[in-house]
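Some features that Swiss-Prot has for this protein:
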- 10-15, 79-81, 114-120, HIS135: FMN binding site (BINDING)
- TYR12: NAD(+) binding site (BINDING)
- TRP99: substrate binding site (BINDING)
- 4-191: domain 'Flavodoxin-like' (DOMAIN)
Amino acid sequence: MAKVLVLYYSSYGHVETMAQHVAEGAKSVPGVEVTLKRVPETIPADQAKAIGVKVDQAAPVATVDELPNYDAIIFGTPTRFGNMAGQMRTFLDQTGCLWMKGALVGKIGSVFASTGTQHGGQETTITSFHTTLLHQGMVIVGVPYACSGLVNMSEITGGTPYGATTLAGADGSRQPSANELDIARYQGKHVAELAVKLAS
């Protein structure tokens, strides 16, 4: 049984929605156990509520120590100036103990993201995230062009060969589109299929 963790941070629910669909795609693969978790919020609760952060997310909070239990980890993050969110960075900065042991070497790592605008850094967020995963010795998996949603030219849409993405709009009012959610499901399924092969 291959174990897949979908681990995300979401301020306003866009990445949370994407994460749920990534997990859905992974669950469609036989022989896979899928876990959906989030990283801890670092903004004090009163401040988070004041700025509209979605604090009532159902996914439980992950710990660094549990990461080696999975064969694949699919990370989700909003973009912060072309990089991952600080909450995800803070979580990953605590994985030095895992790096020392080589605990994540050979495990699959994959990333999906959200941005406020069409050219708001979705690709740089994912590719810069890959650097951390490579230092951990993880095997990077993206979204191949076999996923037809990547070549959809009929609408403004997220989605890259590096990973699924969604465009939230500068004010956060845009929700993930059907095409973006299809790509998210594809990414989850693709990673899960590879995890099964590596675990066998």
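Glycine is no exception: its Cβ is also placed from the backbone N, Cα and C atoms.
Least packed by the Cβ count within 10 Å, out of the binding-site residues THR79, SER114, is THR79. Taking CA atoms as the reference points, SER10 (FMN binding site) and TRP99 (substrate binding site) are 25 Å apart. The average pLDDT for the domain 'Flavodoxin-like' (4-191) in the predicted structure is 97.
Between the alpha carbons (Cα) of GLY13 (FMN binding site) and TRP99 (substrate binding site) lies a span of roughly 30 Å. Distance between Cα atoms for GLY120 (FMN binding site) and TYR12 (NAD(+) binding site): 17 Å, as a whole number.
When the binding-site residues TYR12, THR79, SER114, THR117 are ranked by how far their Cα is from the Cα of TRP99 (substrate binding site), THR79 comes first. In terms of local Cβ density within 10 Å, GLY120 ranks first among the binding-site residues GLY13, GLY120. Residue environment of SER10 (FMN binding site) contains 24 other Cβ atoms, counted within 10 Å of its Cβ in all protein chains. On a Cα basis, THR117 (FMN binding site) lies 15 Å away from TYR12 (NAD(+) binding site). Sequence-distant contacts of THR117 (FMN binding site), defined by Cβ-Cβ distance under 8 angstroms and a gap of at least six in the same chain, are LEU167, GLY169, ALA170. Reduced to three states, the DSSP call for SER114 (FMN binding site) is strand. In the three-state DSSP scheme, TRP99 (substrate binding site) is classed as helix.
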